[in-house]
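Asks: Straight out of TrEMBL:
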- 1-262: domain 'Major facilitator superfamily (MFS) profile' (DOMAIN)
- 56-82: transmembrane segment (TRANSMEM)
- 102-121: transmembrane segment (TRANSMEM)
- 133-158: transmembrane segment (TRANSMEM)
- 164-189: transmembrane segment (TRANSMEM)
- 234-254: transmembrane segment (TRANSMEM)
């Protein structure tokens with residue numbers, strides 16, 4: 001309810017209101033004061049209308065959404081494995097923690113992560129740039145997935161000692177740093193929209209696509225965890241090896257983003273249309 005009231009009262013609408021008086025969509029080629037301008041044999045259309053859905057499938061939109069899907073998939077796999085890893089007995093690769101301890105640990109992580117995002121996201125992005133922060137966020141998945149077997153082996157040899165909790169703290173700290181990548185990729189997605197009236201369609205396309213990944217991720221990761229333990233794949237840690245490999249592929253995909261967020265576009269776009277006046 002608090003979030004709803006804040007959004008209702010304080011958020012500014014990003015989509016400009018439609019004009020009540022319709023304007024002509026095309027003008028004659030010889031008109032100098034037209035809504036459309038002829039450039040290189042194509043009409044240059046002022047972007048005051050949403051573009052068709054098929055026009056969203058351009059490189060900036062596709063590469064931005066692809067990176068969003070990759071990080072969301074890895075993150076949802078991580079979120080499914082963490083409580084499972086905490087709860088499973090030490091003998092089969094977990095830490096054997098009871099529910100109150102798991103809840104307290106994740107609650108402290110949530111508070112720390114929220115404070116870190118609020119205080120440091122903006123200055124870090126200003127200093128290092130969106131692409132570097134996003135790539136570093138994706139890269140953190142590799143050491144995080146690698147830390148699962150390390151923490152498990154330490155717990156097997158020494159029990160729930162201080163070393164284990166230090167490693168868990170490092171792991172959760174990396175998870176908080178990874179969350180910086182979400183803010184960066186949202187900036188890429190928003191900037192990739194062809195115009196302001198296409199923001200809804202662009203974000204809708206990204207959320208629809210990422211929902212599929214978030215539906216597959218938990219079932220896949222937890223099933224692979226069970227199979228790894230039952231079949232003793234790589235000592236029961238096969239799931240982490242596979243997810244580390246997928247993290248490397250996601251890092252390569254992240255490198256395809258431009259160094260800076262897509263340049264703010266002028267209020268126009270190219271459309272192939274017949275050179276005739278209405």
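Using the three backbone atoms N, Cα and C, a Cβ is placed for every residue, glycine included.
Curation plays no part in TrEMBL annotations; they are all automatic predictions.
Computed from a predicted structure; not experimentally measured.
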Asks: Taking contact to mean three or more C-beta pairs under 8 angstroms, with sequence separation of 6 or more, is the transmembrane segment (133-158) in contact with the transmembrane segment (234-254)?
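Replies: By the criterion, they touch.
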Asks: State the non-local partners of the transmembrane segment (234-254) in its own chain: residues 6+ outside its ends, Cβ under 8 Å from one of its Cβ atoms.
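Replies: Distant contacts of the transmembrane segment (234-254): 63, 66-67, 70-71, 73-74, 77, 81, 92-93, 131, 134-135, 138-139, 141-142, 145-146, 148-149, 152, 221, 224-225, 227-228.
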